[in-house]
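Shown next, in structure tokens, is the structure this report addresses.
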Amino acid sequence: MRILMVGLDAAGKTTILYKLKLGEIVTTIPTIGFNVETVEYKNISFTVWDVGGQDKIRPLWRHYFQNTQGLIFVVDSNDRERIGEAREELMRMLAEDELRDAVLLISR
């Protein structure tokens with residue numbers, strides 16, 4: 001199953017990815033581009049694509065939409081100043097035809 005994980009920069013996407021993969025918190029640096037890992041859970045294999053969230057990278061998110069079956073949108077709930085910006089990005093993605101069948105999970 002192909003999962004796309006996106007959200008604003010510094011929301012915690014890479015931290016979540018490696019917590020799922022390794023079962024522990026690791027030190028991360030800002031993602032320029034993407035990280036991709038296979039995560040096993042209850043005999044199901046997920047390919048998780050963690051894509052950088054800097055504003056200059058966000059227009060590239062659409063290049064990862066094809067064949068995406070699940071979408072994880074990560075929000076830093078402590079970053080109240082950017083909640084509106086996160087909402088706008090999420091709404092923009094939900095309007096994309098290629099994601100119409102994807103299951104959505106919002107993580108905060």
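Count begins at 1; order follows the chain as displayed.
Placed from the backbone N, Cα and C atoms, the Cβ positions cover glycine too.
Copied from TrEMBL, the annotated features are:
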BINDING   Gly7, Leu8, Asp9, Ala10, Ala11, Gly12, Lys13, Thr14, Gly53  GTP binding site
BINDING   Thr14, Thr31  Mg(2+) binding site
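Structural mapping of features recorded in TrEMBL.
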{"residue": "Gly7", "record": "GTP binding site", "DSSP (3 states)": "strand"}
{"residue": "Lys13", "record": "GTP binding site", "DSSP (3 states)": "helix"}
{"residue": "Thr31", "record": "Mg(2+) binding site", "DSSP (3 states)": "coil"}
{"residue": "Gly53", "record": "GTP binding site", "DSSP (3 states)": "coil"}
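Cβ environment of Thr31 (Mg(2+) binding site): Lys13, Thr14, Asp50, Val51, Gly52, Gly53 lie under 8 Å away, each six or more residues apart in the same chain. Its Cβ taken as reference, Asp9 (GTP binding site) is surrounded by 16 other Cβ atoms within 10 Å in the chains shown. The Cβ of Gly53 (GTP binding site) has 24 neighbouring Cβ atoms from other residues within 10 Å, across all protein chains displayed. With a 10 A radius on its CB, Gly7 (GTP binding site) counts 24 other CB atoms from all the protein chains. Taking the centroid of the Cβ atoms of Gly7, Leu8, Asp9, Ala10, Ala11, Gly12, Lys13, Thr14, Gly53 as the GTP site, the other same-chain residues with Cβ within 8 Å of it are Thr31, Val74, Asp76. The 10 Å shell around the Cβ of Lys13 (GTP binding site) contains 27 further Cβ atoms across the protein chains shown. Cβ neighbour count for Thr14 (Mg(2+) binding site) (all protein chains, 10 Å cutoff from its Cβ): 23.
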